[in-house]
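Heads up: the structure comes next, in structure tokens.
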Amino acid sequence: FCLMAVPGKVAAFRLPPLPTVGEIIRLFRLKAQKQLSQNFLLDLRLTDKIVRQAGELKNAHVCEVGPGPGGITRSILSAGVEQLLLIEKDARFVPGLQMLSEAAPGKVCIVHGDILTYKMEKAFPKHLKKNWEDEPPDIHIIGNLPFSVSTPLIIKWLENVSQKDGPFIYGRTQLTLTFQKEVAERLTANPGGKQRSRLSIMSQHLCTVENCFVIPGQAFVPKPKVDVAVVHFTPLVQPKIQQPFKLVEKVVQSVFQFRRKYCFRGIETLFPESGRLKRTEQLMMTADVDPTLRPFQLSMSHFRNLCNTYRKMCDEDPSLFAYSYREELRQRKKTRNLLKSTSQPKQTEEENQL
């Protein structure tokens, strides 16, 4: 459902005096739930700083993910946005957000729902749509994400970028999100960096990714064990690897499966056991990748060549893409266990006869 205050326009918008975020937390007896990895940001100077990373928000349409007690929400409204969509999974926060909605007539829509399942295709007015090649639309997604949601959500949105659907049906919608500092370092890591990972390739081949600044853990209530970083994403006009998302994901996951070994070891897992060595050598030779490089040393052009070559091999053998290394290991283990259980009774029979 969507809650919206009575429409009304004001020339220069300013929030009226309101209880502080801390007072809202006390008023509605809100407590961060550990199982939802909730951490509140009460310092409005920091919430203002997060919102500034999104760019010019005057008259923009913004979706805030997981507003909680509404710290960042206040900063977004103070930036003079046209419309603000709040998506909050935890119903305990809705009354406090409704108070903010009433203080900004006609500007706020509150949706009690889960961002992982919410249909973003209809979240904004159609007239805001822009062509992919144009400048980004006047639409922004901002959020202080719970740690448990941040990685699956950014992977989901990166797939949306690849397919130009979800929040990217409107064009190259920009994202400004918080992550654990270590995750942010992975998202922005360069080749050779110790944090270079699957996330680095999946995000950087589709977006310009900027690690904006770090917020110390003690700024949050309750204090998390780690620091938090703010990351800004702008989808690229042309992805650096022009292959389907699932294919790129499969190649990248395989390469990083054995992170400390030579990249040859991970690339092997793209192929069934029969003919594995020959096909791996063929892929690496055609892609011009040194098999003794470690996964984190591979550049974006290495991954582009690997994905393009693997795609050609899949086109020649359509069963190849469906192959799963993990499934093959499971089946092998299952067969071994089956052989053990069937051979055991025979052994005892022979022993009895003896």
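Here the Cβ of each residue, glycine as well, is placed from N, Cα and C on the backbone.
Quantities reported herein were computed from a predicted structural model and do not represent experimental measurements.
Among the features that TrEMBL reports, S-adenosyl-L-methionine binding site is placed at Asn39, Leu41, Gly66, Glu88, Asp114, Asn144.
Taken from TrEMBL, the feature domain 'Ribosomal RNA adenine methylase transferase N-terminal' covers 46-237.
Summarising the annotation, TrEMBL assigns region 'Disordered' to 335-354.
Looking at the domain 'Ribosomal RNA adenine methylase transferase N-terminal' (46-237) alone, the prediction's average pLDDT is 95. Annotation: Glu88 carries the greatest number of neighbouring Cβ atoms among the binding-site residues Glu88, Asp114 [cut-off 10 Å, Cβ to Cβ].
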